[in-house]
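I have placed the structure first, in the form of structure tokens, so that the comments after it can refer back to it.
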């Protein structure tokens, strides 16, 4: 099967199969949801408009990104695919997340009349002595002013995230400076959450019994809960940005998380909410209905953008997409009051962050790019980071070298890294600490040191290729030829190309979502049950 056809099969299979399976499980567990006669604009306001926006968002996003591609190239927003060094001269438009996010925000503005059109019960207007109308600052009676303020604050937070993400694409802000940026974007949402009397209490698990005996059944975290939501917003943004490097990976993981949250919210959409025999209250239903109004159009944008960003990528999404996507997911979860559930669907991202911590915090050398190495046959091998100096096997644990060695040895035991040692047992290099490289190591692929600047595709004439400038400074005393990712050699193990790697990572994300549902609706029922 041609590689292009294989990529299309993997793309449509990975996106359509989860949707079909989710709908089957939803209607199987809640057969009354098939009673279409019970659905109406009054019982589920805005739902039908949100569902309709999903395919519209996909089509408009694809058209908008294609329409902006040439403009991005002309303005210098372009890059080269580091995993395709045999095509090193091809320039690909970057910052495609900008038109995708603008389409999304525009559709949310158009959704406002459809979502709130049913709330038209005006109070009798008051008239002045001359018959003129006297405006009331309180507005229409029984109109959901607070819900509309939540909606508008979400738009403000998203616009802030888009602006900050695009500034990052333009100025390439350093990590230590851009880490707190998502907190600024989440401030409008958190202020409105506070103004609406948002809850800050958490239920204490009933198992083990010591927890409730110590803290009681419910604990009010107060300001700490707002700190948690700010950190959740920050993590949602940066975790998607950290887990990147494969065509379609940033968009694919956001799509699966969004669809998982849609399924989670759909479980509470009972048209009979608040009535006898209903499994959900009106408040609970409205919260998840609000989240769906954000998630369904976002899923459509993901589908449209993934069609262009999947292998072989025609556009790159840039940091704008990562800021925007993380902020959408955080807003939907926080304002839908299931922020803790959101973390369950970020399990692969949490694992990738924890695995990356030794490199992020300086315990292990961290190169500028940690994406895998592309081999001449199109397969991938884990990239490596060289240790300067080597981590001595006799280094005490009280030193940085000893702690680094202990961490790497534990990860090696778990088959998450591949270590290289010298003749006396000192660690000289390690595979990079990312879930991508760890997956390759688990599959039995060993590091390769083939020069990425000299790789050619099968059938292409070998010859000098355009030299890529190094974006990472080499350690003192080292030369460019000493980079372990740029020397001759071959990797060992199964052949895993980029589309296969993307599929494996999407399966990991789907497995994480399945585990999240098991924890949320099975294990949590046991842990939080009354004793």
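Each residue, glycine too, has its Cβ placed from N, Cα and C.
Lifted from TrEMBL, the feature list:
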TRANSMEM  9-27  transmembrane segment
TRANSMEM  47-73  transmembrane segment
TRANSMEM  148-167  transmembrane segment
TRANSMEM  179-204  transmembrane segment
TRANSMEM  224-244  transmembrane segment
TRANSMEM  251-269  transmembrane segment
TRANSMEM  289-308  transmembrane segment
TRANSMEM  320-338  transmembrane segment
REGION    451-496  region 'Disordered'
TRANSMEM  500-523  transmembrane segment
| query | Which of 179-204, 224-244, 289-308 has the most Cβ pairs closer than 8 Å to the transmembrane segment (251-269)? | reply | 289-308
| Cβ contacts the transmembrane segment (289-308)/the transmembrane segment (224-244), at least three under 8 Å, sequence gap 6 or more | no
| Tertiary contacts of the transmembrane segment (320-338), as residues 6+ beyond its ends and Cβ separation under 8 Å | 95-98, 100-101, 104, 150, 154, 157-158, 161-162, 164-166, 168-169, 181-182, 185-186, 189-190, 193, 198-199, 229, 232-233, 235-241, 244, 250-251, 254, 257-258, 261, 264-265, 287-288, 290-291, 294-295, 298, 302, 305
| field | Spatial neighbours of the transmembrane segment (500-523) far in sequence, C-beta under 8 Å, 6+ residues away | value | 10, 14, 18, 246-249, 252-253, 256-257, 260, 263-264, 310-311, 341, 344-348, 372, 380, 435-436, 439-440, 443
| Which bits of the chain, at least 6 residues beyond where the transmembrane segment (224-244) starts or stops, bring a Cβ under 8 A of a Cβ in it? | 161, 179-183, 185-186, 190, 193-194, 200-202, 250, 253-254, 319, 322-323, 325-327, 329-330, 333-334, 339, 342-343, 346, 348-350, 352-353, 356, 371, 434-436
